[in-house]
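Feature list (source: Swiss-Prot):
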- Asn436: active site, proton acceptor (ACT_SITE)
- Cys438: active site, cysteine radical intermediate (ACT_SITE)
- Glu440: active site, proton acceptor (ACT_SITE)
- Thr209, Ser224, Cys225, Gly255, Asn436, Leu437, Cys438, Thr439, Glu440, Pro618, Thr619, Val620, Ser621, Ser622: substrate binding site (BINDING)
- Cys225-Cys453: disulfide bond (DISULFID)
- Cys225: site 'Important for hydrogen atom transfer' (SITE)
- Cys453: site 'Important for hydrogen atom transfer' (SITE)
- Tyr762: site 'Important for electron transfer' (SITE)
- Tyr763: site 'Important for electron transfer' (SITE)
- Cys782: site 'Interacts with thioredoxin/glutaredoxin' (SITE)
- Cys785: site 'Interacts with thioredoxin/glutaredoxin' (SITE)
Amino acid sequence: MASDAFMQTACPADAAEQLEAEHAEWAQLGCGAVPPPPAAASRPSRAAVAAYVGEVVDRMRAQSRADERVYVKCGQLVHLRVRARSVPLDDWLTSAELALVSEVAEPVRANRAFVEVSLRYFELTEYATLRALGLQSALKYEEMYLAKLEGGAIESMGQFFVRIAATAATWTMREPAFGRALVGEGATWCAVFNAYLTALYRQLVVPATPIMLFAGRARGSLASCYLLNPQVSSSTEAVEAITTEVARILLNRGGIGISFQSFDRAVSRDCKRGIMGALKLLDSMAMAINSDSERPTGICVYLEPWHCDVRAVLNMRGLLARDESTRCDNLFSCLWVPDLLFDRYLAHLEGREGVVWTLFDDRASHLSRLHGPAFTAEYERLEREGLGVETVPVQDLAFLIVRSIVMTGSPFVMFKDACNRHYHMDTAGDALTGSNLCTEIVQRASPDAHGVCNLASVNLPRCVREGEGGALAFDFAALSTAAATAAIFVNAMMLGGQYPTEKAARGVARHRSLGIGFQGLHTLLLELGMDMLSPAARRLNVEIAERLLLAVMATSATLCEYGCAPFEDFARSKFARGLMPFDGYEGVVLSLPRAWARLREKVARHGLYNAQFVALMPTVSSSQVTEGSEGFSPVFTNMFSKVTMSGELLRPNLPLMRALRKHFTREASRLGAVRALDREQWSVAAALGDLAPGHPLAKFKTAFEYDQERLIDLCADRAPFVDQSQSMSLFVTEPMDGKVPASQIMNLLVYAYKKGLKTGLYYCKIRKATNNGVFTGGDLVCSGCHL
């Protein structure tokens, strides 16, 4: 059907009627400027309704700055536009553009009556909550996640959830233990489908972006993160790895972390450009593949800081690039830092003179396989024997690292020894070599098998219930149920997923690594009336992480109890010796010691189906559909503003806006507070003055207003219960002179190192002193682990 023909057909009657009802509600908000919609009695066309919604949203969304109700109403209108463009279930099932695979379409047809009842229930009940989330949520669904069909049609919200739930249910039924663990004995497709559907449309479980885009469809990979360690040592080997493995993963929209540490030949007659020639090819490939994609992905190159080309990599982006032949603006880098570098930097800070750092070439390649005391001993032996290619004062290298971070947004920083120390396998003599694009996945990658992680997150603000006296309280039972559901859901997606390369499929089969995280921590705390750094918030932060790990690990053990084989290396893992992830940390106090004791016994008897469990990823995209804060980070502004081709897009911090309305009972006072906030870049403290700690508005701080060391403390507090890692970003405000002191960033990295974290820095977000702009040295947009 031609696009014009479909859009000129009559809009569904219920959408046109709802549009008239919405117009009456606009009037109640005092928005007399909203034009009347096409009359429902005239059966307006889909195109007319879509055009009307676009006109009203464009006209009214600027008022979201002062009235959160307008923001919500604009979102509800966008959902009506989605309804106007939707098609019946039969057309959806047979859409060539959607391309549902038969394994998913056939169970939906076979259980059509149940599916239709489920859809109807969603539309009559839960959809109202989802429609009321806000404009950003509605636009993100419409523009990115809802599949585009023929003739300008789009899948409905209900069909979107059905597609994902049906895919998960179909593959769950292929493994009896999955269904039994999810819904009990005698699991049926309908029961499993309903469990997933409910968790999805209530936004308790939020899948990763690849799953939302490609679940049930004949294209795309469902995995989020790929870790590669091709162990290349020449340009020829690098080109082969890039054009085979890397290209195929990028074409499937996977985010990549790739270790090039083994390519450590110094510039010579035989190797004229060192590693940079290979990185330039990688950069060009990333640009070419992303250039025609609405959903770009990315690549992060991992190196250890003793690599002979580390200076070149630190200078490959932005203003630091010497010329176009070395510019790699489409790549990110991450330093895989051994403890020795920070120990030497600390010695320099303590006054020791002449502390140096030595760079090595391929004569020291074996250092990448060592960590801890073994690395230190061998590194210092190589120094004594004079095998280094360059020696630099350690403070000079630290300055180069921080300068690159501030000016280009890269490198990220991860701590090699912490990652190896807390890994579930013994890595002595065979150390881990890198992480993924977003620094939260810690897995082994080898020349014959990639590390692969499949992700989902639990939406913490949905785990809230009314307690005694109507006060809100966190529902730990809801968290545990959501985490267990997410674990089985991701396992099902792994079972049914298609992988871009054989090495990726081999890595999945070998490790079955889960990456279950959470999002909306800051939003949750605000709803519960807590400042993010209050003692109560710190306790809740740890208990959430503990319950999440417990639920996911217990589910994995249950799968083995019900007949699944443990992951391939279980017998050689620390788990087989009775150890848990938190046992590698000192001073851990468990809130549920008996539950953990029972789990230890269960693991000893049955094993674990998965090798890894929890990873706290950035949730940039999915936090937009839930209208919550990203991952575990505080909001970085109380009024997000982005200028696009279609105008300014605003996203207010809804808990703050509602608190303002509740606190300022007179409309004039509320609007005065809003104007003051607008003048002060939406800083509550700057606009309203110093508020008492118990004041209902005092807790609405942004990430830039928090002490960054205290935010690092929150990460360290929950680290024992995060067996992979956390994408920890830092938020720094530029001084009035426009110069961020290098020592400020380096001191935060040292603090993270001393706290024993695995990820020392993902992004360093810098707020300009003169305006509310945020500079990150380059915007990474990833459809993989960014969720």
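Every residue, even glycine, has its Cβ placed from backbone N, Cα and C.
Only Cys225, Tyr762, Tyr763, from the recorded positions Cys225, Cys453, Ser621, Tyr762, Tyr763, place their Cα within 10 Å of the Cα belonging to the residue listed as 'active site, cysteine radical intermediate'. The local packing around Ser621 (substrate binding site), expressed as other Cβ atoms within 10 Å of its Cβ over all shown chains, amounts to 21. Note on Thr209 (substrate binding site): other Cβ atoms within 10 Å of its Cβ, all shown chains, come to 26. Ranking the recorded positions Cys225, Glu440, Thr619, Ser621, Tyr763 by the distance of their Cα atoms from the Cα of Cys453 (disulfide bond) places Cys225 first.
Spatial neighbours are here defined as Cα atoms within 10 angstroms of one another, and by that definition the neighbours of Cys225 (substrate binding site) among the recorded positions Asn436, Tyr762, Tyr763 are Asn436. The two recorded residues, Tyr762 (site 'Important for electron transfer') and Thr619 (substrate binding site), show a Cα separation of 13 Å. Among the residues the record lists as binding substrate, namely Thr209, Ser224, Cys225, Gly255, Asn436, Leu437, Cys438, Thr439, Glu440, Pro618, Thr619, Val620, Ser621, Ser622, the two farthest apart have Cα atoms separated by 19 Å. A helical conformation is recorded for Thr209 (substrate binding site) in the three-state DSSP classification. The most crowded of the recorded positions listed here (Asn436, Thr619) is Asn436, judged by how many other CB atoms sit within 10 Å of its own CB. In this structure the alpha carbons, written CA, of Glu440 (active site, proton acceptor) and Thr619 (substrate binding site) are 12 Å apart.
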